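One structure is given here, and the rest of the page talks about it.
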Amino acid sequence: MLFIGLAFYRLKQLQVLYALPSSYTKTAVYWVKLALASAIAAAVAAELLFTAVISSLPGLVNVLTISLLIQTAAYVVAIRLHYYEQTRARNSSDLLLLYWLTTIIVSLVTLRTDLGAKYAPLVTHPAVRAARYTMLLSTIALFCAELWPRKLAEYVLAEDGDEDVVSASRFGVRAPVEDANIFSRLTFSWMSPLLKLGQRKQISEGDLWEIPSNIAPVNIAETFDTNWQYEIDHGTQRAPSLIRALWKTLGAPFALAGALKLIQDAIQFLQPVLLSLLLGFVSSHATDSPQPMSFGYFYAGSLLVLQGIQTLFLHQYFQLCMATGMKVKSSLTTAIFKKAMRLSNETRQEYTTGSISTLFSVDVERIGGVTDYAHIVWSGPLQIVLAIGLLYNTLGWSVFAGVAVMVVSIPLNGWITKRMRELQIGQMKNKDKRTTMIDEALSGVKVIKLYAWERLFLGKIQHVRESLELVSLSKYGQMVAWSSVSMAAVPFLVSFGTFLIYSVFDGVSHGPLTARLIFVSLALFNLLRFPLVMFPTMLSSVVNANVALGRIHKLLTSDELDLES
């Protein structure tokens with residue numbers, strides 16, 4: 001039923017687009033798809049007919065009949081969707097790919113379950129078995145056919161009289177990601193041609209594709225300008241909000257990234273649970289009542305599958321967040337530039353060229369950069385609560401010794417990072433000072449030679465290099481060393497303190513300190529370390545970004561020239 005609803009929604013989207021030339025769409029693959037989809041619908045309809053008419057099984061037949069009726073309707077809708085996807089879209093249908101993949105998995109599980117079903121005569125009947133095997137094989141073939149890449153011309157002209165700008169813009173030199181199917185986007189395999197080219201030669205600008213339309217600065221800036229103008233026009237009802245305009249422009253992909261992050265967090269905390277079950281399975285084989293081997297295969301396989309799924313969700317989350325950051329920068333940079341061209345004479349006295357450049361180089365970068373990890377603001381506390389809860393369930397109150405060590409290490413690492421940043425800024429200033437002195441000496445080398453000032457200038461340059469630059473480099477190296485010591489010592493102290501407290505003062509509430517408790521606890525401590533470090537950092541970044549938003553908001557709402565006068 002879900003697929004039928006989504007399919008009708010997708011059909012409404014496709015029906016407003018014009019059909020592609022038949023020479024590019026109605027290929028052999030197109031007819032194979034329709035034939036396979038029709039074979040699937042016919043096989044399910046035949047099974048429905050046999051189940052409802054020929055068979056005399058009570059009760060269960062009603063459930064099977066309704067189920068097969070819904071499946072038949074879904075396959076008929078799929079045939080129509082295949083037609084429109086092939087003739088009006090450039091890439092494989094994400095909805096159909098996911099539907100056929102789900103159908104394959106469910107069919108395999110159903111066939112395996114039916115072997116031991118209560119109503120085996122119905123399942124093992126030759127007609128039913130032939131229909132189900134036909135459906136399964138046809139579904140696998142159709143799934144592969146839908147994965148088959150489509151070969152379209154680079155340029156396809158719109159039909160005469162077609163004024164659908166959105167439709168016409170779908171054609172031309174496009175980035176492969178726009179025509180990639182869902183599995184290619186999940187695995188980023190659409191980038192493989194570019195990576196292979198990079199192995200053979202140095203990639204130049206001519207080797208790159210056009211920017212995808214969904215992140216093209218001209219499109220994003222136009223959408224943001226419309227939303228911001230709406231905020232300005234309705235300023236009498238409510239104060240114009242820059243955050244609200246940005247959310248209308250970029251909120252949907254950023255919210256999707258948050259959903260992916262939530263799923264990824266849930267999956268990563270399932271892995272220590274499965275690890276505990278796997279270690280319990282291994283330990284059971286040293287006792288008189290070992291667990292079945294199927295349990296071990298299930299735990300190990302689940303760990304592998306979950307790790308793969310987590311990786312897919314995590315990288316899609318980062319891709320969406322970073323794309324949102326680029327869109328934010330494009331939107332705000334364009335808006336600031338347009339506003340700077342329209343500032344009134346009074347406002348220009350307040351905003352100099354340098355102050356506006358600072359908005360470009362500093363404030364916009366702060367706002368765009370915070371989107372990469374902005375979801376840590378809510379995900380961080382969630383991860384901390386889950387990690388501490390699972391740790392408490394594993395080792396009891398002893399885990400708070402390790403948590404205390406981690407909490408104490410946060411300000412220490414923060415001070416080291418702040419000191420390294422200060423030394424790096426000082427080092428860049430010293431480097432600029434030495435470079436300026438060298439440039440001055442080279443530009444005035446004739447005067448220096450005439451008055452024999454070589455030793456004087458050389459002494460000044462050496463003083464900056466040896467007394468300032470090298471000293472800063474030495475201090476920076478010491479901070480790097482302390483940072484490395486902290487990174488190596490904190491995990492050891494966390495685990496050592498936790499296990500020491502548990503062994504000496506507890507050791508009873510959760511049994512002896514076994515490999516199961518140790519490895520599960522270490523895995524949870526590793527998950528706890530990242531949010532404890534990133535959450536305070538992100539709070540500071542969000543505050544800085546909020547200040548930057550206020551500065552940009554002040555510029556965008558300032559007085560401007562009357563263009564009609």
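Along the chain as shown, residues are numbered 1 onward.
Placed from the backbone N, Cα and C atoms, the Cβ positions cover glycine too.
Quick look at what TrEMBL annotates:
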type     : residues : note
DOMAIN   : 255-544  : domain 'ABC transmembrane type-1'
TRANSMEM : 30-54    : transmembrane segment
TRANSMEM : 60-83    : transmembrane segment
TRANSMEM : 95-111   : transmembrane segment
TRANSMEM : 395-416  : transmembrane segment
TRANSMEM : 480-505  : transmembrane segment
TRANSMEM : 517-535  : transmembrane segment
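Residues 61, 64-65, 68-69, 71-72, 75-76, 78-79, 82-83, 86, 122, 125, 127-128, 131-132, 134-135, 138-139, 141-142, 145-146 of the same chain sit 6 or more residues outside the transmembrane segment (30-54) yet have a Cβ under 8 Å from a Cβ within it. With a cut-off of 8 Å between Cβ atoms, the residues of this chain six or more beyond the transmembrane segment (517-535) that come close are 268-269, 271-272, 275-276, 279, 373, 376-377, 379-381, 383-384, 387-388, 390-391, 394-395, 399, 402-403, 406-407, 410, 413, 490-491, 494-495, 498-499, 510-511. Counting residues 6+ beyond its ends, the transmembrane segment (95-111) has Cβ neighbours under 8 Å at 3, 6-7, 10, 74, 78, 81-82, 85, 132, 135-136, 139-140, 142-143, 146-147, 181-183 in the same chain.
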